[in-house]
Amino acid sequence: MKFLTTGLLATAALAAAQEQQVLQAEDGHGQAPQRDASIFDETLQKFQSSLEDGISHFWSEMKTNFKDYLPLISLPKKHTRRPDSEWDHVVRGADIESVWVQGADGEKRREIDGKLHNYDLRVKAVDPSKLGVDPGVKQYSGYLDDNDADKHLFYWFFESRNDPKNDPVVLWLNGGPGCSSLTGLFLELGPATIDKNLKVVSNPYSWNSNASVIFLDQPVNVGFSYSGSSVSDTVAAGKDVYALLTLFFKQFPEYASQDFHISGESYAGHYIPVFAAEILSHKNTNINLKSALIGNGLTDPLTQYPQYRPMACGEGGYPAVLDQGTCRSMDNSLERCLSLIETCYSSESAWVCVPAAMYCNSAILAPYQQTGMNPYDVRTKCEDMASLCYPQLNAITEWLNQESVMQALGVEVQSYESCNSGINRDFLFHGDWMKPYHRLVPSVLEKIPVLIYAGDADFICNWLGNLAWTDALEWPGHKKFAEAKLEDLKIVNNKDKGKKIGQVKSSGNFTFMRIFGAGHMVPLNQPEASLEFFNRWLGGEWH
């Protein structure tokens with residue numbers, strides 16, 4: 001079995017062969033597509049001979065148990081592309097790439113850096129009255145098209161409720177990999193949610209209360225996005241995000257002049273260091289990146305995986321979920337897990353990073369999964385595994401699949417799903433899961449502040465692990481940050497002034513927050529507290 005998360009599709013038991021069930025991709029008739037087993041065998045044999053014995057063993061297990069179930073790429077979505085004439089705006093990346101200006105030194109240079117000629121951006125002005133989502137607030141939806149690779153990323157933009165001419169712009173990314181950011185929109189921090197009767201309910205604590213927010217379905221084939229190809233690693237996805245922002249701000253220069261922040265949760269702990277580094281690598285850009293925020297992220301597996309046992313066994317501030325025997329078993333498995341992750345860090349090759357993910361997720365994550373407790377909140381049982389332990393997702397999915405909704409948004413796929421297991425599988429089997437993307441954070445910290453926040457009831461990307469990797473990160477401010485003490489985080493902006501909502505430590509450009517009483521999705525469990533620290537962060541506090 002494997003458990004799906006709104007932020008992390010933890011393939012928790014891929015290596016536990018006897019008890020596993022792998023979610024199979026189906027063709028249009030409900031049958032698993034045929035695989036070319038001979039090619040699969042030859043590929044594994046070619047590389048197995050050069051691997052260490054332990055790693056080779058895991059590839060042998062995968063070859064035996066999973067070759068008939070795992071496609072090498074996720075299947076494309078059925079879609080119908082709308083003609084450009086049906087869109088309110090179409091921005092051509094080639095037009096942007098062709099603009100040259102003269103610098104102060106007299107030399108000619110491109111106005112905006114980056115490979116953009118293959119990208120277009122299609123924009124639809126959404127009529128809020130048709131959907132009932134934040135009536136009166138300006139909204140846009142559409143697609144970023146990579147015409148060379150046949151990739152089409154869906155986005156939905158909400159202007160700030162407060163002062164859109166001056167408020168910052170924020171990009172929100174859910175994780176997975178393979179989960180739609182519309183989950184974040186309707187379940188967590190967006191302007192509305194959907195009740196069990198499919199009625200739109202306003203969210204007074206939406207993050208667009210004082211900021212304009214872009215919700216992006218990425219990588220391709222997630223949510224309303226689609227493609228004839230696939231993206232199976234974080235670095236490739238970063239190029240698409242840079243193009244989206246560049247073309248969006250070119251179409252809407254009124255937002256380009258404002259501060260921009262990139263935010264997300266869970267597997268976005270992989271995405272955001274890469275995406276921020278990609279943006280910052282361009283000297284001439286129209287993206288005014290000011291900070292990055294990661295909530296309950298997976299960023300440094302080598303440092304975070306040792307904290308799963310303490311969190312599950314009563315050392316994270318909540319009662320133990322696992323018995324002492326299971327806790328000892330996790331301890332006994334940890335050394336081998338960390339050895340595999342270290343090898344992955346050294347090589348960054350899929351042929352060693354995949355076995356690390358398979359073994360560690362089976363030995364370290366699966367014991368918790370088998371209890372039936374919610375992996376995103378140690379306080380509760382998992383109500384419905386099919387809906388990722390949150391039945392509210394069923395109503396959100398049903399609402400988004402209505403023809404009237406898809407028509408209003410300009411959607412080009414036939415259906416919406418909150419998470420795509422095929423994308424998760426692609427990233428896993430390309431070795432992305434265990435790669436050391438935290439190594440990019442120091443270079444990001446040189447230029448912008450970074451906030452790592454964590455709901456303290458989450459298991460899957462728990463606060464202990466996030467505190468551990470931020471304390472361990474090697475950067476010029478490492479010593480001062482590691483020595484800084486956690487201090488009370490209190491509400492300062494409303495009637496609950498003085499109420500403790502968590503703990504915070506900060507030094508230089510780096511800040512860590514523990515949010516009390518929140519699981520994996522902080523804005524869902526603590527909406528008031530999340531908007532409090534979000535607004536204060538955007539306002540410049542702690543940096």
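Along the chain as shown, residues are numbered 1 onward.
Cβ from N, Cα, C; glycine included.
Taken from Swiss-Prot, the feature signal peptide covers 1-17, and the record attributes it to sequence analysis.
In the structure as shown, the Cβ atom of C179 (disulfide bond) sits within 10 Å of 31 other Cβ atoms. Residues or ranges marked as disulfide bond by Swiss-Prot on the basis of similarity to another entry: C179-C419 (among others).
Around the Cβ of N210 (N-linked glycosylation site), 19 further Cβ atoms fall within 10 Å across all displayed protein chains. As annotated by Swiss-Prot, N-linked glycosylation site applies to N210 (among others).
Swiss-Prot lists S266 (among others) with the feature active site. The secondary structure of S266 (active site), as reduced to three states from DSSP, is coil rather than helix or strand.
Secondary structure at C313 (disulfide bond), taken from DSSP and collapsed to helix, strand or coil, is coil. Here C313 (disulfide bond) comes close to A320, V321, L322, Q324, C327, M330: these same-chain residues lie at least six apart in sequence, with C-beta atoms under 8 angstroms from its C-beta. Positions annotated as disulfide bond by Swiss-Prot: C313-C327 (among others).
Summarising the annotation, Swiss-Prot assigns disulfide bond to C337-C360 (among others) and lists similarity to another entry as the type of evidence. Taking a C-beta cut-off of under 8 angstroms and a sequence separation of 6 or more, C360 (disulfide bond) has the following same-chain neighbours: P301, Y305, C337, L340, I341, M434.
Positions annotated as disulfide bond by Swiss-Prot: C344-C353 (among others). Contacts of C353 (disulfide bond) defined by a Cβ separation under 8 A and a same-chain sequence distance of 6+ are given as C344, S347, G431, D432, W433, M434, K435, in order along the sequence.
In this structure, C389 (disulfide bond) belongs to neither helix nor strand by DSSP; it is coil. According to Swiss-Prot, the feature disulfide bond maps to C382-C389 (among others).
According to Swiss-Prot, the feature active site maps to D458 (among others), an assignment based on sequence analysis. Sequence-distant neighbours of D458 (active site) (same chain, 6+ apart, CB under 8 A from its CB) are N296, Y376, D377, V378, A518, G519, H520. According to its DSSP assignment, D458 (active site) is coil.
The Cβ of N509 (N-linked glycosylation site) lies under 8 Å from the Cβ of L445, E446, I448, P449, V450, G477, H543, each on the same chain and at least six residues away in sequence. Look at N509 (N-linked glycosylation site): DSSP puts it in coil. Per Swiss-Prot, N-linked glycosylation site is recorded for N509 (among others), and the stated evidence type is sequence analysis.
Summarising the annotation, Swiss-Prot assigns active site to H520 (among others). In three-state terms derived from DSSP, H520 (active site) belongs to neither a helical nor a strand segment and is classed as coil.
Cβ neighbour counts within 10 Å, taken over all protein chains shown, single out C419 as the most crowded of the disulfide-bonded residues C382, C419. Counting every protein chain shown, the number of other Cβ atoms lying within 10 Å of the Cβ of C389 (disulfide bond) is 24.
Among the recorded positions listed (N210, S266, C382), S266 has its Cα nearest to the Cα of C179 (disulfide bond). Across the structure, N210 (N-linked glycosylation site) and S266 (active site) place their CA atoms 24 angstrom apart. Across the structure, C419 (disulfide bond) and C389 (disulfide bond) place their CA atoms 13 angstrom apart.
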